[in-house]
Amino acid sequence: MSISLAGKTYVIMGVANKRSIAWGIARSLDQSGARLIFTYAGERFEQSVRDLVATLDGNHEIILPCDVTDDASVEQCFAAIKEQAGSIDGLAHCIAFAKTEELAGNFSDTSRDGFLLAHNISSYSLTIVARYAKELISEGGSIVALTYIGGERVMPNYNIMGVAKASLEMSVRYLAADLGRQGIRVNSISSGPIRTLSSKGVSDFNTILREIEEKAPLHRNTTPEEVGDTAAFLFSDMSRGITGETIHVDSGYHIL
Ligand code: NAD
């Protein structure tokens with residue numbers, strides 16, 4: 001199942017390991033014939049990202065550090081992309097972080113520091129990345145971010161990350177209005193829960209996975225491949241009329 005993205009170039013931000021949703025997106029885009037550029041958070045992720053990228057069919061040589069909490073790091077990353085690739089056709093933002101202690105217990109106990117950290121990494125990062133990326137994205141290009149239903153309604157233990165996702169989803173709409181003038185689309189995919197490094201931090205995650213199997217219309221959990229194929233659609237011209245949208249890829253759980 002693949003859309004042709006041959007001749008197109010996309011930046012994938014947020015591969016940590018083979019379980020990362022960003023890696024599911026990378027595999028779908030690789031199968032679609034796209035050229036990929038990878039960014040990783042810091043040195044500790046570099047080798048695992050390089051090892052994974054080597055397993056893809058395409059030859060994706062540009063792999064760069066980008067810490068989204070550091071303006072200079074984002075600026076340098078996109079300067080390097082411009083120098084090495086010229087223009088790009090889009091970007092997948094698959095980045096989030098909250099302190100583990102904030103992903104359990106009472107929401108009213110959220111610390112100021114934890115609140116700001118979650119918003120900085122999980123929400124503001126999309127805006128600063130879009131600011132640099134828009135200079136490189138060609139007309140008709142597309143930005144895709146990842147969100148979760150905990151940004152629309154209260155989900156157990158998701159706490160501050162839910163508030164950060166609400167902020168991210170609204171940023172998607174403001175960015176869609178802003179970048180639409182340049183012909184760039186901005187959308188998000190609201191993924192069902194998937195076991196990854198980040199989701200391990202959410203207390204009682206297994207209960208959430210079981211609830212999807214029991215209650216979601218499709219009675220199964222979401223796979224990174226399903227999210228990856230939806231991202232390929234959002235990057236392709238097949239979705240050219242869609243911007244500012246949140247598409248749920250969650251076995252239909254959100255309708256309940
Ligand atoms: P993951 O841990 O594999 O990916 C999170 C990524 O964020 C990592 O690659 C990490 O290095 C990166 N990151 C953290 N701090 C950073 C920083 N300062 N600079 C740059 N990168 C940084 O987990 P994932 O579940 O694949 O998460 C990817 C996205 O999907 C996140 O936005 C997450 O909220 C979203 N999402 C996940 C689920 C789920 O159940 N796993 C569901 C819906 C949405």
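Each Cβ is built from the backbone N, Cα and C atoms, and glycine gets one as well.
DSSP assigns Tyr148 (active site, proton acceptor) to coil, not to a helix or a strand. A C-beta separation below 8 Å, combined with a sequence spacing of at least six in one chain, links Tyr148 (active site, proton acceptor) to Met155, Tyr158, Met161, Gly162, Lys165, Ser190, Ser191, Pro193. Marked as active site, proton acceptor by TrEMBL: Tyr148 (among others).
The feature active site, proton acceptor is assigned by TrEMBL to Tyr158 (among others). In the three-state DSSP scheme, Tyr158 (active site, proton acceptor) is classed as coil.
Here TrEMBL flags Gly14, Ser20, Ile21, Asp67, Val68, Ile95, Lys165, Ile194, Arg195, Thr196, Leu197, Ser198 as NAD(+) binding site. The DSSP secondary structure for Gly14 (NAD(+) binding site) is coil. A simple way to gauge crowding: the CB of Gly14 (NAD(+) binding site) has 26 other CB atoms within 10 angstroms, across all the protein chains here.
Per TrEMBL, the feature substrate binding site maps to Ala98. In the three-state DSSP assignment, the secondary structure recorded for Ala98 (substrate binding site) is coil. Note: Ala98 (substrate binding site) has non-local neighbours Gly114, Leu117, Ala118, Ser122, Asn159, Ile160, Met161, Ala164, Gly201, i.e. same-chain residues 6+ apart with C-beta under 8 A of its own C-beta.
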Distance filter, Cβ under 6 Å of ligand 1; input recorded positions Gly14, Ala98, Tyr158, Lys165, Arg195; output Gly14
Using all protein chains shown, find which of the binding-site residues Lys165, Arg195 scores highest when you count other CB atoms within 10 A of its CB.
Lys165
For the binding-site residues Ile21, Val68, Leu197, which one has the sparsest Cβ surroundings, going by other Cβ atoms within 10 Å?
Leu197
